[in-house]
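Novice: Following this message is one structure expressed as structure tokens.
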Amino acid sequence: MAPNIYLVRQRISRLGQRMSGFQINLNPLKEPLGFIKVLEWIASIFAFATCGGFKGQTEIQVNCPPAVTENKTVTATFGYPFRLNEASFQPPPGVNICDVNWKDYVLIGDYSSSAQFYVTFAVFVFLYCIAALLLYVGYTSLYLDSRKLPMIDFVVTLVATFLWLVSTSAWAKALTDIKIATGHNIIDELPPCKKKAVLCYFGSVTSMGSLNVSVIFGFLNMILWGGNAWFVYKETSLHSPSNTSAPHSQGGIPPPTGI
């Protein structure tokens, strides 16, 4: 038992010595591994910002002749996390339009699961990129001398690539459904608009260009992480032995790694 405690203390002591040796080295940022990580960090910001910060509204024009001959605007406001079934229609303040309580009617659909999965994952990626860059730049020797850290980085990179594909695909499908649910189909779904005495016309809906951009950045992130997997793999023990065994046996100097 005592030898085991001694070994644990010794490992903790070595780790503490390495962690205390923080020294900024910007050279890793000039290599593909570090440079692509910076691009991943920036792309993740655009991914969650363009989706999570969206606010929009859809409008319909209503009249019911002969009581109301002038079109009145009824508006439903929606945004992230896109629980459309909680977005009720609102008439102008103090205006009774066709004796209908428009607040009782809402948009159709709940797309919060896809939207929140996408944004939450993008935020986690953002935080991981910060931690990875801190390790690359501040603890370069610790990363290069360790067998576990590059392997963990490699596994995380593969998982992140897959999750970018899954989350972006799910969000792209949800976005398509959101466009349908807030578009011209509103007229066909609203019960008051099915009455003969009430005439409804689709007005407008907020442009969803930023949401389209979020999907683009999602797939861009997937490409960046997938491409960076090779450079992370080169730092692992899975790749290094084949490159370092020959030079060592000949008494030469092993080739430099990606960092």
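A Cβ is built for glycine as well, from the same backbone N, Cα and C atoms used for every other residue.
As annotated in Swiss-Prot:
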DOMAIN    28-237  domain 'MARVEL'
CARBOHYD  Asn71  N-linked glycosylation site
CARBOHYD  Asn212  N-linked glycosylation site
TOPO_DOM  1-33  topological domain 'Cytoplasmic'
TOPO_DOM  55-116  topological domain 'Vesicular'
TOPO_DOM  138-150  topological domain 'Cytoplasmic'
TOPO_DOM  172-212  topological domain 'Vesicular'
TOPO_DOM  234-259  topological domain 'Cytoplasmic'
TRANSMEM  34-54  transmembrane segment
TRANSMEM  117-137  transmembrane segment
TRANSMEM  151-171  transmembrane segment
TRANSMEM  213-233  transmembrane segment
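Please go over these features one by one and say how buried each is and what sits next to it.
Specialist: Long-range C-beta contacts of Asn71 (N-linked glycosylation site), restricted to its own chain and to partners at least six residues apart, with a cutoff below 8 Å, comprise Gln61, Val62, Asn63, Tyr201.
Asn212 (N-linked glycosylation site) counts 14 other C-beta atoms within 10 Å of its own C-beta, drawing on all protein chains shown.
Taken together, the residues of the topological domain 'Vesicular' (55-116) have an average pLDDT of 91.
A Cβ distance under 8 Å defines the sequence-distant neighbours of the topological domain 'Vesicular' (172-212), meaning residues of its chain 6+ beyond its ends; these are 50-51, 53-65, 71, 73, 76, 78, 82, 84, 89, 98, 100, 102, 105, 107-109, 111, 114-115, 218.
Listed as Cβ neighbours of the transmembrane segment (117-137) (distance under 8 Å, sequence separation of 6 or more from its ends, same chain) are residues 24-26, 28-29, 33-34, 37-38, 40-41, 44-45, 47-48, 51-52, 80-81, 143, 149, 153, 156, 160, 163-164, 167-168, 170-171, 214, 218, 221, 259.
Within the same chain, residues 51, 114-115, 117-118, 121-122, 125, 128, 132, 214-215, 218-219, 221-222, 225-226, 228-229, 232-233, 235-238 sit at least 6 positions outside the transmembrane segment (151-171) and bring their C-beta atoms closer than 8 Å to a C-beta of that stretch.
Counting residues 6+ beyond its ends, the transmembrane segment (213-233) has Cβ neighbours under 8 Å at 31-33, 36-37, 39-40, 43-44, 46-47, 50-51, 118, 122, 125, 150, 153-154, 157-158, 160-161, 164-165, 167-168, 171-172, 175, 239, 258 in the same chain.
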Novice: Across the topological domain 'Vesicular' (172-212), what are the DSSP residue counts per state (helix, strand, coil)?
Specialist: 22 helix, 7 strand, 12 coil
Novice: What else in the chain is close to the transmembrane segment (34-54), if you only count residues 6 or more beyond its ends and a Cβ gap under 8 Å?
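Specialist: Here the qualifying positions are 28, 79-80, 115, 118-119, 122-123, 125-126, 129-130, 132-133, 136-137, 171, 208, 210-211, 213-214, 217-218, 220-221, 224-225, 227-228, 231, 259.
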Novice: Go ahead and report the DSSP secondary structure tallies for the topological domain 'Vesicular' (55-116): helix first, then strand, then coil.
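Specialist: Residue counts in helix, strand and coil order: 11 helix, 26 strand, 25 coil.
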